[in-house]
Amino acid sequence: MPTLCRDCDAVLIQPGAELSGACPQCGGRRLISHAELGTLAIAHIDCDAFFASVEKRDRPELRDRPVIVGGGTRGVVAACCYVARLSGVRSAMPMFKALKLCPDATVIRPDLSKYGAVAREIRDMMQRLTPLVQPLSIDEAALDLAGTEALHGAPPAAVLSRFARDVETNVGVTVSIGLAANRLRAKLAAERDKPRGFAILGADTAAVLAPEPLGTLPGIGPALVRKLAGLGMTRIGQLAALDPRTARQRLGDDGPSLVARARGEDNRRVNPVRETKSISAETTFAHDITDPVLLGRALWPLCEKLGRRLRAEQFAAAALVLKLKTARFETHTHAVRLTAPTQLPETIFEAAKPIVHQAAGPAFRLIGIGAARLVPANLADHGDLMDQESPRRAARQQAMDTIRAKFGADIIRRGTVE
Amino acid sequence: MMVRAVLFMTDLGYATKPADSDARQDDWKDRMKLKADRATLLKALAHVQNVVEKRNTIPILANVLLSVKEGRLTIAATDLEIALIEDVPVEAAQDGSVTAPAATLYEIVRRQPEHAQVELDHPGGDAPLALRAGRYATKLVVLPTDEFPKLDAGKLSHRFSIPAQALRGLIDRTRFAISTEETRYYLNGIYVHAAESDGAAVLRAVATDGHRLARVEEPLPDGAAGMPGVIIPRKTVNEIRKLLEDVTGEIAIALSETRIQFTLDTMRMTSKLIDGTYPDYSKVIPVGNDKILRVDTNDFSNAVARVSAITAERHKPVKLSVARDLLVLSATSPDQGTASEELDGEQVEYSSTPLEIGFQARYLNDVTEQIKGHVEFCFADGAAPTLVRAAGDQSAIFVLMPMRV
C-alpha cells in the first residue's frame, strides 16, 4: 500500500508490507497510507482555527494560551484556538458563555481585513496548484487536482502535503487537508484529522462513516438529527442502508439525496467560478438600544463597512436587507428597495434609515445591513435624470478610497451622519 | 359590536348633491329604501368599486356607503387616499343610509338581467340590507355608517375647469413615465403646476421615473393662476382617467396644497396629494440638442417592435445608428441572435454628424405611442439625454436617458 511521508512528501511503495514507524528517507514520523493515495484528486483544504491562528502568529507570546477572536462581551465567538477548545469553547458561541468556560482566554477583536489578506495569500498559493480552486468560505476551499500529476511531477497527495508545509512556513498558519474522490468525502476527510491533518477517504468511505453520528454529515442539522432519531436512526450507516424508495417514503422527497450523502456520494464539480455570496455587516451592542437616533448612529459605520466590502469584492447592492435583533432574540429583517445598484455608504444609509425609524420601538441588541442582491460593480451609482448626486458621490468615494489606500484607513473620514 | 350613531356628512364627504350643499344630514331615519334600474346602479357601482382597496385589512373600506336623500342616491367609496362619490337618480325612495360590501353588491347587480329594477331595503341598525330584483332576493351584511371614514377636503384654494379632452391629453402623455419606486415617493405621481411657456401661461403636467421624463402643457384655465404645484398620486391619476372615459365637456377641478377634487357629471373624486417637493425637472430638459432626426412615427415604432423582438430581456437596448438620411435600428441578444432594420431617406431626415445611441425599447414605444405623424429626436451625443417631441408640436416634450450600447 502506498505511503506518503508528510515531512518530505515522498510517496513510498512497499509491496506487501505496510510501512510503519519512520520514513526511510527523512526519518519523519508523519506517515499516511492508503490504497488510493496515488490516484485520488479532489481536495478540501481548511485552515485550522483560522482567525485565532493568524492572531497567534502575530503575537507569539499567546502561542500556548487560549485565544478567542470575537466581539465584546455581547458578541459571539468568531474563532477560538485549540487551547480554548479544550475548555469547551466553540465557534458561534455567545461570548459570555465562552468566557464562563474559559475565563483566562485572551479575547481579540476580529480584524477582518487582516484575515482577508492572509486568506488571499493562501488562495494564491492554491491557484498555483490548479486553476480549479473553489473558495467555500474565507478559510476553506475545494480543489480539483485531477490531471496535474505531469505538471507537478508528483501525485496530488504529495502536492498537497508540500502545500500544507509551504503554508506553515510562509504564511504561519496550519491547514487540514482531506483527499477523496468527491467534494463531500474530501470535506468529511478534512474534518477527521484536525488540526494540521491529512486524511484520505477512498472506497472505504461507507465503512468509515457508518459508525459516525448523523450530525457529522454536512447539511444534517440538529432538527434533522432529531427527526431521524425518531425514526430509529442515529448513525450514518443506518441512513446509508435505506434503499431510495424507502427513503422517500420515510423521509420525504429529500430522502434519496440524504441516503446518497450518507453513502458519501456527491457529483458536484469543483467550480472555480466565484459563488455569489452575501455581503453584509452587523454589530451587537454592548447595551440594548431603543432610541432610533442611536440605532441610526450604529447603522452608519455598518453602511461604511458594507460599502467598503462591496467595493473590495467588485459588487454592487441592488437591494438591501436590514436586520434587527430584539433584546429577546427575535430577529426582524426588512427588505429595502434601492433606486439603482450602489456601493456607496451614504446611499445605503439613506435607504435603510427610514426602516430603522419605522421599526423603532422595542429594545434591540443587534443591527445589521446586507446586500440582498449582488450585481456587477459597473452597474453601480450611475445616477439618472433625477439623480445627479450619485455619480458625484461615487467620485468622492473613489477619491477617499485612493487617499486611504495611500495613507491608511483613518486618514480621512466622513463627518457626522444623522 | 354594532354602534348606531348619527351620521354627519359635509359637502366633501358624502352629501347627496356633489355641488355645494353644506347641509348636514341631521334627520337620520332608520329605514332606507330605494328602487333604481340596474344600468344606472351598475354604472355607479362600477365606478366607485374601483376605488375600493382590493386587499384591504380594514373591513369598512371594502364597503360602499349608500345614502338616500331627497329622492337621490349617493354611492361613496374610499381607500383613505381617494374618495369617490356618485349621484344616482332613483325612483321610489325613503331617506336613510347604510354601508354594504362593494364588490359583492357590484357582482350581484352586474348579474341581473339587463332591464331589471333593483330594490334596496334596509330596515335600519345592523339588520341586513335586502336586495330584490324580480324573483331574486339577497340579504347582505352591513356595517354601521358611522364607521365609514370621511376624507375631508379642507379648504380648497383654487378652482378652475378644463375640457375633458385636455385633461385626458395631460394624463395620457405623462402617466407612463410615473415612477413606481418607493424611495423616491415624490416621483410617484404627476406634477401639475402653472408655468409660463414662450410667454404664454400654461398648465403643465410632468412625470418622470429618472429614465424618462414627460412634460405636457395646456393653456392655463381661468382660476388656475397662482395655484400651488401639486403631485397627483398614480392611483388617483389612473382612477380619474377611467372616469374620463365616459365623460365629455368640462371637468371642474378644485385644489389646495394637500387635496385635489375633480367633479365630472354626477361624480366627485377627492384625493390626497403626495406630500413632497417635486425636484427641479427643468434642469434635466436638454437645451441646444442640435442633431435632429425626423422620422415617421409609425415606421419607427414598427421597426423598434420588430428589432426588439429578438430579445426577451426588456432591459436590453435598441441601438439607433444615425447617418445622413439613414437610420439603422439594431438589437442583439446573447442567446437569440441579432436583428436590424434600415429606414432610409424615404422615411428619415437627418443631416448632422453620424451618431450611435441606445434606448430601452419600451421607453421608445411609450413615447411614440403619444406622438402622431412625425417624431423628432434631438440628440447631443450618444451618451447624453435626448429630447423627443412630435414634429411641429411644442405642447409635449419627452426626455429619454440613453443606455450604453
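Each position is counted from 1, following the chain as shown.
Heads up, the Cβ atoms here are built off N, Cα and C, so glycines get one too.
Note that TrEMBL annotation is computational and uncurated.
What TrEMBL lists as active site is A:GLU140. Positions annotated as Mg(2+) binding site by TrEMBL: A:ASP46, A:ASP139. Feature annotation from TrEMBL assigns domain 'UmuC' to A:42-221. The site 'Substrate discrimination' annotation in TrEMBL covers A:PHE51.
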State the Cα to Cα distance, in Å, between A:GLU140 (active site) and A:ASP46 (Mg(2+) binding site), rounded to an integer. 4
Measure the Cβ-based neighbour count of A:ASP46 (Mg(2+) binding site), defined as the other Cβ atoms within 10 Å of its Cβ. 21
Spatial neighbours of A:PHE51 (site 'Substrate discrimination') that are distant in sequence (at least 6 apart) but have CB under 8 A: A:VAL69, A:ALA78, A:ALA79, A:PRO110, A:TYR115
Looking at the recorded positions A:ASP139, A:GLU140, which one has the fewest other Cβ atoms within 10 Å of its own Cβ? A:GLU140
Looking only at the domain 'UmuC' (A:42-221), what is the model's average confidence as pLDDT? 91
